[in-house]
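Novice: Below are the structure tokens for one structure; questions will follow.
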Amino acid sequence: MLALYGTEVASRLLLGTARYPSPAILAEAVRQSATEIVTVSLRRETAGGRNGGAFFEMIRTLGVRILPNTAGCHGVSEAVLTAKMAREVFQTNWIKLEVIGNHDTLQPDVFGLVEAARILASEGFEVFPYTTDDLVVAERLLDAGCKVLMPWCAPIGSAAGPLNLSALRAMRAHFPDVPLIVDAGIGRPSHATTVMELGFDAVLLNTAVAGARDPAAMAGAFAKAIDAGRLAFTAGMLEPRDMAVPSTPVIGKAVFA
């Protein structure tokens, strides 16, 4: 089980709800993924008007927990205001905090992120910060009151997969007791398996599933890949060696003179 701010979930796959071909396909992807947590943008809920309300009701019928996000926010005050509005709309203290610093890469503004996290944590929010793999920033976020970290492995929507395995490995080693959820940049199930084999606690997906030819089938593929990576990590994988090691014992081998 994975514990996030005192809530335990069995699934280690978190699923975004944007960019699906239709609500019905999204619903089936959620079912096939077996996720227990979906992210929802306040902008999607409010901008859709009556349709936005129908979307929210559809999500609620799936029996999953909603993690609102501040997607599209480019400053501290905007992110904080959006988080407060999301708490009212979705009736939860959970917030996936995004403060974007660059339009092209959608890289987090880590300075604004830490400031916004501190403000929100002081007001009772349980913050899931979208951040980089920088250890110093991670320390600042924990100091600000975050109990979960969500580092990217590549730019949002890039499908590039983990670009810096050394940094991700270092983050896992440096924060052995902090829930770490890889957020952004995953493109293939094998990417998800790779980061789970490093010991990360979960993966958040959106574009890799929503943009697939068959989103529901891809959601199922990712669910299996994440489970496989987690099982491999807990089972204890062999470390690579430079030289061969025979797999067949030589004791008792016949000797022909």
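Cβ from N, Cα, C; glycine included.
The active site, schiff-base intermediate with DXP annotation in Swiss-Prot covers LYS96 and rests on sequence analysis. Marked as 1-deoxy-D-xylulose 5-phosphate binding site by Swiss-Prot: GLY157, ALA184, GLY185, ASN206, THR207.
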Novice: Under a three-state reading of DSSP, tell me whether ASN206 (1-deoxy-D-xylulose 5-phosphate binding site) is helix, strand or coil.
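Specialist: Coil, per DSSP.
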Novice: Which residues, in sequence order, are found in the same chain with Cβ within 8 Å of the centroid defined by the Cβ atoms of GLY157, ALA184, GLY185, ASN206, THR207 at the 1-deoxy-D-xylulose 5-phosphate site, excluding those residues themselves?
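Specialist: Apart from GLY157, ALA184, GLY185, ASN206, THR207, the close residues are GLY16, ALA154, PRO155, ILE156, SER158, ALA159, ILE186, GLY187, LEU205, ALA208.
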Novice: Using Cα coordinates, what distance in whole Å links the residue listed as 'active site, schiff-base intermediate with DXP' and GLY185 (1-deoxy-D-xylulose 5-phosphate binding site)?
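Specialist: With the alpha carbons as reference points, the distance is 16 Å.
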Novice: For a quick check of understanding: given the listed 1-deoxy-D-xylulose 5-phosphate-binding residues GLY157, ALA184, GLY185, ASN206, THR207, what is the maximum Cα-Cα distance in angstrom, as an integer?
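Specialist: Max span of the 1-deoxy-D-xylulose 5-phosphate binding residues, Cα based, is 10 Å.
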Novice: Tell me which of the binding-site residues GLY157, GLY185 sits in the most Cβ-dense spot, judged by other Cβ atoms within 10 Å.
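Specialist: Top count of Cβ atoms within 10 Å goes to GLY185.
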